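A.B. asks: Sharing a structure, written as structure tokens. Questions coming.
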Amino acid sequence: MKKKKEYRIAVLPGDGIGPEVMQEAYKILNVINKKFDFNIYTNEYDIGGIAIDKYGAPLPKKTLNGCIESHAILFGSIGGKEWTHLPADEQPERGGLLPLRKFFNLFVNLRPIKLHFSLKKLSPLKKEIIQDGFDILCVRELIGGIYFGLPKGKNTFDKKNISAFDTEIYSTKEIEKIADIAFQLSLKRKKKVFSIDKANVLESSMLWREVVIQVSKRYPNVELIHLYIDNAAMQLIKNPNQFDVILCSNLFGDILSDECAALTGSLGMLPSASLNESFFGLFEPAGGSAPDLKGKNIANPIAQILSLALLFKYSLQLEKISHLIELSVLKTLEKGYRTLDISNGKKYITTDQMGNYIAKTLSELIN
């Protein structure tokens with residue numbers, strides 16, 4: 001008898017609403033395990049604030065080792081006011097998530113941002129701007145740039161005039177790697193790459209533009225458009241439908257991907273993937289830990305479920321299953337089911353009810 005293929009997923013629910021929305025992702029995994037001829041094994045590990053409380057560190061060795069032994073990481077959310085008193089490097093994000101990204105060399109962050117037809121009323125943009133919807137993929141460099149550049153610190157010699165500094169630094173190879181990913185992904189889309197920089201002012205952006213132009217020559221069928229960061233922020237508001245793949249440095253990508261997300265009306269709908277060159281990845285909702293929603297059974301689990309869909313697509317290379325999960329979400333929304341954040345003041349369902357409906361729809365689609 002042929003042995004079933006096995007996949008191992010490290011599950012890191014984290015803090016805030018993370019554990020609640022993760023329960024809904026488990027429902028999807030249960031359906032998939034029953035319906036397909038392979039086995040998905042999950043192991044849960046602590047990270048962030050809960051790990052600080054249990055082990056005194058935001059990224060325990062047990063958690064890191066569990067991730068190393070897995071094919072992918074399904075991540076919830078971390079952080080909360082309980083841990084803001086700690087030194088910056090010991091807080092949940094800087095001490096937990098950032099080192100995890102660095103350890104696995106997760107240099108590319110993908111954030112697909114779509115405006116669902118059934119949710120157009122939630123967008124803050126005028127209906128004439130979003131009448132055609134939009135489908136944007138933000139490709140952000142994740143482990144370089146100003147967040148990691150050295151030196152950084154404070155000058156405290158003059159107590160009356162303290163200064164602080166950070167360093168924005170990128171190498172040719174770093175830019176080439178992320179640009180190559182953006183162009184490859186554009187080939188399966190509308191074949192447009194919008195490269196974002198500030199090349200009229202910043203040396204790092206000047207190099208960014210030079211390298212991206214060189215990479216673009218390997219993709220003659222892809223149109224390359226350069227935009228300054230300030231103009232890009234404006235164009236996203238005026239005409240989001242013009243965009244396809246947006247290629248950004250770490251800082252600019254952090255800003256623009258959140259702006260794109262806001263245009264949909266709810267962060268609770270948006271997944272993200274952080275990948276390395278072998279497509280091992282960490283998959284997480286784009287929103288935060290939302291501690292004010294914790295334990296109320298009202299958080300939107302769709303971003304967590306769609307993050308699982310991205311995990312199947314990129315790390316497990318099972319695009320059919322990824323598509324089925326996305327289709328299950330879409331069909332559930334088309335039936336009119338809404339959590340509080342996307343209810344627009346009308347009747348809404350709970351976190352676990354939304355998970356149940358999506359899992360039921362997935363099961364029906366597979367049958």
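Cβ atoms are placed via backbone N, Cα and C, with glycine included.
So Swiss-Prot has the following annotated:
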type: BINDING; residues: 80-93, 288-300; note: NAD(+) binding site
type: BINDING; residues: Arg101, Arg111, Arg140, Asp230; note: substrate binding site
type: SITE; residues: Tyr147; note: site 'Important for catalysis'
type: SITE; residues: Lys198; note: site 'Important for catalysis'
type: BINDING; residues: Asp230, Asp254, Asp258; note: Mg(2+) binding site
A.B. asks: What residues, ordered by sequence, lie under 8 A Cβ-to-Cβ from Pro92 (NAD(+) binding site) and sit at least six positions away in the same chain?
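C.D. replies: Counting only residues 6 or more apart in sequence, the Cβ neighbours of Pro92 (NAD(+) binding site) under 8 Å are Gly14, Asp15, Ile47, Gly48, Gly49, Ile52, Pro58, Ile78, Gly79, Gly80, Trp83.
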A.B. asks: Which of these binding-site residues has the least crowded Cβ, counting other Cβ atoms within 10 Å: Ala88, Ala290, Ile298?
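C.D. replies: It is Ala88 that, of the binding-site residues Ala88, Ala290, Ile298, has the fewest other Cβ atoms within 10 Å.
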A.B. asks: Among the recorded positions listed here, Arg101, Arg140, Lys198, Lys294, whose Cβ has the fewest other Cβ atoms inside 10 Å?
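C.D. replies: Each of the recorded positions Arg101, Arg140, Lys198, Lys294 was scored; lowest Cβ tally within 10 Å is Lys294.
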A.B. asks: From the centroid of the CB atoms of Asp230, Asp254, Asp258, the recorded Mg(2+) site, which same-chain residues not already listed sit within 8 A by their CB, in sequence order?
C.D. replies: Ile229, Ala233, Leu251, Phe252, Gly253, Ile255, Leu256, Ser257, Glu259
A.B. asks: Do you know offhand how many angstrom separate Asp230 (substrate binding site) and Tyr147 (site 'Important for catalysis') by C-alpha?
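C.D. replies: Cα of Asp230 (substrate binding site) to Cα of Tyr147 (site 'Important for catalysis') measures 20 Å after rounding.
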A.B. asks: How many Å lie between the Cα of Arg140 (substrate binding site) and the Cα of Ala88 (NAD(+) binding site)?
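C.D. replies: Cα of Arg140 (substrate binding site) to Cα of Ala88 (NAD(+) binding site) measures 23 Å after rounding.
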A.B. asks: Whole-number Å distance between the CA of Thr84 (NAD(+) binding site) and the CA of Tyr147 (site 'Important for catalysis')?
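C.D. replies: If we compare the Cα positions of Thr84 (NAD(+) binding site) and Tyr147 (site 'Important for catalysis'), the gap is 19 Å.
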A.B. asks: Measure the Cβ-based neighbour count of Thr84 (NAD(+) binding site), defined as the other Cβ atoms within 10 Å of its Cβ.
C.D. replies: 11
A.B. asks: Distance check, please: Cα of Ile298 (NAD(+) binding site) against Cα of Tyr147 (site 'Important for catalysis'), rounded to an integer number of angstrom.
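C.D. replies: About 33 Å separates the two Cα atoms.
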A.B. asks: Tell me the Cβ neighbour count for Asp230 (substrate binding site), meaning other Cβ atoms within 10 Å of its Cβ, over all protein chains shown.
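C.D. replies: That number is 10.
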A.B. asks: Using only C-alpha positions, which one of Lys198, Asp254, Lys294 is spatially nearest Arg111 (substrate binding site)? These are the recorded positions in the record.
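C.D. replies: The smallest Cα gap between Arg111 (substrate binding site) and any of the recorded positions is with Asp254.
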A.B. asks: Going along the chain, which residues six or more apart from Tyr147 (site 'Important for catalysis') have their CB under 8 A from its CB?
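C.D. replies: Once residues fewer than 6 apart are set aside, Tyr147 (site 'Important for catalysis') is near Leu98, Asn250, Leu251.
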A.B. asks: Return the maximum Cα to Cα distance in Å (whole number) over the record's substrate-binding residues: Arg101, Arg111, Arg140, Asp230.
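C.D. replies: Max span of the substrate binding residues, Cα based, is 28 Å.
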A.B. asks: Given the recorded positions Ala88, Lys198, Asp254, Ala290, Lys294, find the one whose Cα is closest in space to the Cα of Arg101 (substrate binding site).
C.D. replies: Asp254
